[in-house]
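Beneath this line is the structure, given in structure tokens, with notes to follow.
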Amino acid sequence: MKLSLVNTLSILLLLSLGINVCQAQLKFGYYRGKCGFNDVEIIIRRVVAARFARDPTITPALIRMQFHDCFVSGCDASLLLEGKSSEKTAIPNLTVRGYDIIDQAKTEVEKVCPGLVSCADIIVAATRDAIALAGGWPYAVQMGRRDGKVSLASNVDLPPPSISVAQSIAAFQKKNLTTTDMVLLLGGHTVGIAHCSTFVNRLYNFNGTQDADKTMDPNLVKKLRTTCPQNAKVDNFTNLDQNMYSSNIIDKSYYNQILMKKGILEIDQRLALDPATKNTVTSLAKGYNFPFLFNNAMVKMGAIQVLTAKKHYFVVVLLLVVLHQAKKPMWNPSCLKFLSLLLHLSVVTLLVSAEDHGNPANEIVELINQNRTSSKLPKLYDSAGLGCMALQYISECTGNCSKNNTMNCRPPEVDITEVYAPNCGVELPTVGIISGHLLGCHWNDLSPEQAFSSVLIQNKQMLTLLLSKEHTEVGVGFSRTHRGPNFWCALFSSGKANSSFVLEGGQGIKQRSGCFSGIDLPCSTGTRRKLLFSEIFMAVVLVMLLSCSMES
């Protein structure tokens, strides 16, 4: 007996199927339900909060740690690994702090959830919490990273303080980060310090001129020369944000400082001068949304080259490869029956493993629930909500809104009376008459995690109410007096499904035009990862091929 062409073709088909669908992803609430009723993120947050109370400088320390970890070989906690030539030993990492915080958080998590939570996830979560404690806006982070096993100092290639803007843009682009992402992440210098050795060249003999860098404010030069004497034996330091009132606060002050020629590092000052970044810096300095945008950039950085869990159906692929390479073929009737059953199960697994993502209402509910008290989790009753009603509304109002989002956004009255109200289950003539209790609204087009972290969580009293309730519903609506383009609202009810929402069997609203599941809407079904017909067809063909692959 020998391996036939059809056997080989079958192996290749399955290998193709496995590679095509096995794309594990980070997700919100990754550890929910995996550690009993213990909330991993709350455990980490307690550790960080206790340390922050004693030492607020952990915020810049953890921001720097996450950057140094993610920017080398991805967010895999390889920076934590010990070794004579590990990443820790690289010169840029010699001053990285915060390892003990991660160790402590890991220890506490292991007590209730042994062997499951990765250090890579802990770094990202701890940094998030430290940012919020330093005056930044809280935000949700996705979990599911695996820890790396390789850590080499030779792999460390971090952007130096003297890098040009063009070189920095190129370095960030290699990590799939945009120029705006770069400017935002460098805004992390709104907290933290810089040692004299990283900028002393700007004070005395900049580029061989025997003078200070002319792009630095003369008064700042004078001040820094006192802190950093020429040829000093001690490597002193100064705040990266020279605003004495906010040097430990996550805010936009950094951008104001560099516009006033008070950037400490060379790259900081260049951001305010280079045509590629100057407008972004100016916009951030004038605006009020830096904390929100900074959070987004941190989340994006936290997804660089992550290692995620492998789906178990790769076992099928590896099994067939082993069989293919075996000196003594194993293609006998009993083996084929086993393989056929295994393949059938793998196809079912693939179909079931497709997850539903992207629906705004569903995802906000999920984000809210992951922050609930554990005692309420078994009693949840979640409405699918009205997410895309707002998205259809904004699509109709594009280009018709005034700067304050009032009056000009007016869809046809028939849409309100015959589509939104009866099909989506709620019409809001005014905000005040919403059935249930309004927790938070936002008049911008926000992603679910942003709506949660940037709106709901800002009101601590309302958030406390939310966490104490058994029922959560998320909806969107519009007011005739204030027609915001995307009016997110989160509501709760104390014992029943909110009467403002039309439910069908507890599964959510009817699938009609005007609601999140309308087939004619671009956001109708989120981004469900479905198997393509060709993939399912390949799996079926594969089973058929294997069933007749014996050669006598």
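Cβ from N, Cα, C; glycine included.
Here TrEMBL flags 1-24 as signal peptide.
Here TrEMBL flags 25-311 as domain 'Plant heme peroxidase family profile'.
All chains included, 19 other C-beta atoms sit within 10 angstroms of the C-beta of H68 (active site, proton acceptor). Annotation source TrEMBL lists active site, proton acceptor at H68.
Per TrEMBL, the feature Ca(2+) 1 binding site maps to D69, V72, G74, D76, S78, E87. Secondary structure at D76 (Ca(2+) 1 binding site), as computed by DSSP, is coil.
Neighbour count (other Cβ atoms within 10 Å of the Cβ, all protein chains): 18 for P159 (substrate binding site). According to TrEMBL, the feature substrate binding site maps to P159.
DSSP classifies H189 (heme b binding site) as helix under the three-state reduction. What TrEMBL records for H189 is heme b binding site.
Under DSSP, D251 (Ca(2+) 2 binding site) is assigned to coil, being neither helix nor strand in the three-state scheme. Sequence-distant contacts (6 or more apart, same chain, Cβ under 8 Å) of D251 (Ca(2+) 2 binding site) comprise G135, T190, F290, P291. Marked as Ca(2+) 2 binding site by TrEMBL: T190, D241, D251.
With the fewest other C-beta atoms within 10 Å around its C-beta, S78 stands out among the binding-site residues S78, T190. Taking the centre of the Cβ atoms of D69, V72, G74, D76, S78, E87 as the Ca(2+) 1 site, the nearby residues of that chain (Cβ within 8 Å, site residues left out) are H68, C70, S73, C75, A77, L79, G148, S151, N155.
Same-chain residues with CB within 8 A of the center of the T190, D241, D251 CB atoms, the Ca(2+) 2 site residues themselves not counted, are G187, H189, V191, N243, S246, S247, I249, I250, K252, S253, Y254, Q257.
In terms of C-alpha distance, the listed binding-site residues D69, S78, P159, D241 place D241 closest to H189 (heme b binding site). In this structure, E87 (Ca(2+) 1 binding site) is part of a helix by DSSP. Taken residue by residue with DSSP, D241 (Ca(2+) 2 binding site) is part of neither helix nor strand, so it is coil.
P159 (substrate binding site) falls within neither a helix nor a strand when secondary structure is assigned with DSSP, and so counts as coil. Model confidence over the domain 'Plant heme peroxidase family profile' (25-311) is summarised by a mean pLDDT of 93.
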